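Peer 1: The transmembrane segment annotation in Swiss-Prot covers 30-50, 72-92, 98-118, 139-159, 170-190, 208-228, 238-258, 264-286, 345-365, and the record cites sequence analysis as its basis.
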Amino acid sequence: MLYYLLHYFNSTYNPPGLGVVEYLTFRASAAAITSLLITLLAGPGFIRYLRSRFIEPVKEEAPAEHRKKKDLPTMGGLLIIFSIEVSVLLWSKFDDPHVWLIMLAVLWMGVVGFIDDYRKVVLKVKGGLSPRWKLVAQVALGLVVGIYTSLDPAFSVLMRETSVPFFKNLTIDYGYFYIPVVIFIITALSNAVNLTDGLDGLASGSSAIVVFALGGFAYLAGNAVYATYLSIPFIPGGGEIAVVCMAIVMASVGFLWFNSNPAEIFMGDTGSLALGSAIAVIALLIKQELLLPVLAGVFLLETLSVSVQVLYFKYTRMRFGQGRRIFLMAPLHHHFQLKGWAEQKIVIRFWIITILFFLTSLMTLKLR
């Protein structure tokens, strides 16, 4: 919106210095600053409002340290989503299909998360929205993204193909499996970030690092020269995704101002499902979804810890008559909590691991 206004003045009157608005790096930086300022300035009032209405219920089986947070407000994801949407509308070419497809994913799963949080907090429905309906929403979003990118010429014939990390000019053609792959990745990532959101700042900080990396890949993929040099798929117009990524990064960082230990607010499913779906759609659009097991490694480990715990418990119960556990508690961060690790130490160590995964992902650009 603001971009189009400044673009009009620049092309009509050509005032000195206004041409900078045409640079992708300027608009990405402006979106980042705008998103951060909105979150920081709106945060205190938003927290006061939520504290008077929406208090996060804490499970009785949660670690003792976690049960102390029973009086904190949830649904903080609304603040993240608002900051992202406003920043993107102001500084991106929001008629670009890449942009609004990501924004659709953020809003779509944000609404699903809000319904889940509302049912838990206000309606006092144990468990909130049933897993079945969450899955229906995730599959529906995957269908929309998959079908639209398959049919819209703006996404070209490359959408059914993807690059393979560590291999130069090697691609995989999904063919008829493209839409199921899209559904799986969106479902897996949104659930993975949701599972990770269990400690102060863990999900927001980790998401910021992952999306920052994806923003770098998007910038490179949107430039034909860089894409050719690095042997990654060239995505026409994909550079606009970098603007969206920076808005998401700084909205998450701004939220971290209030969500770091000791937290003043939780993002709830409203934020975690929205961020997870955004990560998935961005990776799909820039053809780096096969890099997600590395880049989003922390989210993968958290999800695997839950899956392994459940499967092992069921197996041992069937084999020995009594279920046994590998971890003290799943997801993985709660295991370390029960081992006596301080919450801040767990979060910072997980951030460090995420940064290591980020750097490993960058190495794949040259290790081909």
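Heads up, the Cβ atoms here are built off N, Cα and C, so glycines get one too.
How buried are these features, and what lies next to them?
Peer 2: For the transmembrane segment (30-50), the list of distant contacts is 73-76, 78-80, 82-84, 86-88, 90-92, 243-244, 246-251, 253-255, 257-258, 264-265: same-chain residues at least six beyond its ends, Cβ to Cβ under 8 Å.
Same-chain residues lying 6+ beyond the ends of the transmembrane segment (72-92) with a Cβ under 8 Å from its Cβ atoms: 1-3, 27-28, 30-32, 34-36, 38-39, 42-43, 46-47, 50-51, 53-56, 99, 103, 106-107, 110, 113-114, 117-118, 121, 204, 240, 243-244, 247-248, 250-252, 254-255, 258-259, 263-275.
For the transmembrane segment (98-118), the residues of the chain that approach it from at least six positions outside its boundaries are 54, 74-75, 77-78, 81, 84-85, 88, 92, 128-129, 134, 137-138, 141, 144-145, 148-149, 186, 190, 194, 235, 237-238, 240-241, 243-244, 248, 268-278, 280-282, 285, judged by C-beta separation under 8 angstroms.
For the transmembrane segment (264-286), same-chain residues at least 6 beyond its ends with a Cβ under 8 Å from one of its own Cβ atoms are 43, 46-47, 50, 56, 69, 72-81, 98, 101-102, 105-110, 112-114, 116-117, 128-129, 134, 138, 141, 145, 149, 155, 182, 185-186, 188-194, 196-197, 203-204, 207, 210-211, 214, 217-218, 221, 233, 235, 238, 241, 244-245, 248, 252, 255, 258, 292, 295-296, 299.
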Peer 1: So which of 139-159, 170-190, 238-258, 345-365 is most in touch with the transmembrane segment (208-228), counting Cβ pairs under 8 Å?
Peer 2: 238-258
